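Report on the structure given below.
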């Protein structure tokens, strides 16, 4: 016989579904890269490169942007080898933490396309250098914001202006992180910028309805590759302990998860079931992905997330003596 709690939850689901039906977000996705100009920041490695390969295979015209011109040119040659005749494959070398360079880069990319704004903009550029906050320099704090937030915000701003001025529909896809939802020891120079990126994306999702421009945000967990290896070189032991058991996925699997979400018309896209309870606890009132599943995940999150948080806090406390000893050896303390 069903328990009173089970009956109550069933009633909530049924009643909630009934009243939500008139506003149900049935999304028929118009995502189709074929023949579209796809502009990818951070496209010379990791997720950006894997995404570029997928898009080229689907018949898209692809522009990748990266700081290292030689590396980007090498990727372009790889992409051209799998492209069909007529596809425009190119690269732009630019430091996208500069507003001027960001503006110049996207306009240069559009020259072969009659100066028309890109159809799809994928903001994959960024980096993570985890450290304990008290050991992070002021410059590293600034670099974290520049290399995670501004590196995408400047390009998004110019893309929105280009699309709206030309009355063109399009898509802008932010690549954020699981750490845009939740943060912990070691990510004080990274998570704030990722939170800001989610805030910008949420605001634009609403505002760009005025211009019929679609905004999406991808929030993956760890992605294997050179970037992840560099991250681990500075990652504190306490951070590694909290992340113990987390296995990064390949850029190729990550890119497939991103496109799967875009094809479903999701606004917030994740690559891991573990992220779903966190997403529902922290989504800021944005559109759901699936009403019934999201309701169930929300119920799970009310138990699972507090348990995870207590476990993480316990791990941090267990490292207190070790961290104090290390800081003492470095002469950090004044007495």
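Every residue gets a Cβ built from N, Cα and C, even glycine.
Because the structure is a prediction, the values reported are computed rather than measured.
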The annotated motif 'GXSXG' range in Swiss-Prot, which must be one of 27-31, 32-36, 37-41, 42-46: 42-46
Correct range for transmembrane segment (source Swiss-Prot, candidates 267-287, 288-308): 288-308
Closest of 95, 190, 194, 223 to residue 42 (NADPH binding site), Cα positions, recorded positions only: 95
Neighbourhood of residue 47 (NADP(+) binding site) by C-beta distance under 8 A, where only residues 6 or more apart in the same chain count: 124, 175, 220, 223, 251, 254, 255, 258
Alpha-carbon distance [residue 95 (NADP(+) binding site); residue 45 (NADPH binding site)] in Å: 15
Pairwise C-alpha maximum, in angstrom, for the residues (42, 44, 45, 46, 67, 68, 71, 95, 96) that bind NADPH according to the record: 17
Listed recorded positions among 95, 190, 194 whose Cα sits within 10 Å of residue 67 (NADPH binding site): 95
